[in-house]
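Per TrEMBL, these features apply:
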TRANSMEM  16-36  transmembrane segment
TRANSMEM  52-70  transmembrane segment
DOMAIN    125-245  domain 'Palmitoyltransferase DHHC'
TRANSMEM  170-188  transmembrane segment
TRANSMEM  208-230  transmembrane segment
COMPBIAS  303-313  compositional bias 'Polar residues'
REGION    303-367  region 'Disordered'
COMPBIAS  333-346  compositional bias 'Polar residues'
Amino acid sequence: MAPSGSRSIKRGCQRVLYWIPVLFIALIVAWSYYAYVLQLCIESIEDIGEKVVYLLAYHVIFIMFVWAYWQTIFTKPVNPLKEFHLSYSDKELLEREDRGESQQEILRRIAKDLPIYTRTNSGAIRFCDRCQLLKPDRCHHCSVCDKCILKMDHHCPWVNNCVGFSNYKFFMLFLAYSLLYCLFITATDLQYFIKFWMNGLPDTQAKFHILFLFFSAAMFSVSLASLFIYHCWLVCKNRSTLEAVRAPVFRHGTDKNGFSLGLNKNFRQVFGDEVKYWPIPVFSSLGDGCSFPACLVNLDPEQPSSPTNSNPVNKVAAEGRQFPSKPLRESQSRLLTSTPSWSESDSATDKDRKGASNPVMIIENEA
């Protein structure tokens, strides 16, 4: 009982510590609200029209910023669907086998009917020992949350949550609105910051709030701008932070652009098809988080595309099109707004002529 009790106390203390960065941000935001609304707008700005405009614009940005931050924090990360978890019989079978190729054969058999195209660096099926499941594409195990997260980007201490498929849009909006919030404060506080150095402000406590408000907003603007630009680049490339650090491995090999569908579709995969929902922190991302359309898909040697023809590649090439070894899910098809054209790449043809066993399929999507 003692070890179990000590572990529970340790986990409880860790949960409390994890909330410290969030509490710090909340205190900074609360102080900035007090300093801007009360000390700057109400106490220091004399022009009524300027005061009203500043307060209205500030509160619109403030509400959107807090809303996006709240959604990022309290939206629970999504875990893989039940079909990716091992059944009781499969678990027993896996435990009886020695670790090695025999276990990989079992995992390959289970993965045969699942939309899984990525592999480990060694070419093995991606399997999570702790969660006892086959990892869907772009899914990773978070050591802090101690569970597998769909399309995991990173674990962010500033929101005390994993950023992944369920809240990545909220995280992007949080960065956008927090940057806009800081830039707005910096721009509107600038003239009064200058007056501070020219002794043009009344000698009250408001002048010190105005001074530190400008410095704080300007400092956060720089850091937020760099982070926001980086994640905008990731969205345009359809990569997560983990995939930018370590490119995903497909059956044909490593490919950093394997999930990129072009700028327009990459953006819509995160923000959705309906423009009216793009700036609002409500979930509108496309897909189910378990399967994603990929630019490069290898044919599964265990699933021939044409069982009636001994040379399926030649037959499909004669028809002028090719199809993936596993059908795209409905969530994937929504991303492919136009009818996709499937053709064999020149590089794959060259590899096939050199004796490659599996041809490579490329989805030709419009940018």
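Cβ coordinates are placed from backbone N, Cα and C, and glycine is handled just like the others.
Curation plays no part in TrEMBL annotations; they are all automatic predictions.
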Given a Cβ distance threshold of under 8 angstroms, which distant residues of the chain, six or more beyond its ends, lie next to the transmembrane segment (52-70)? 25, 29, 33, 36-37, 41, 45, 159, 170, 173-174, 176-178, 180-181, 184-185, 188, 279, 281
Mean pLDDT for the domain 'Palmitoyltransferase DHHC' (125-245), as a whole number? 93
Which numbers of helix, strand and coil residues does DSSP report for the domain 'Palmitoyltransferase DHHC' (125-245)? 67 helix, 16 strand, 38 coil
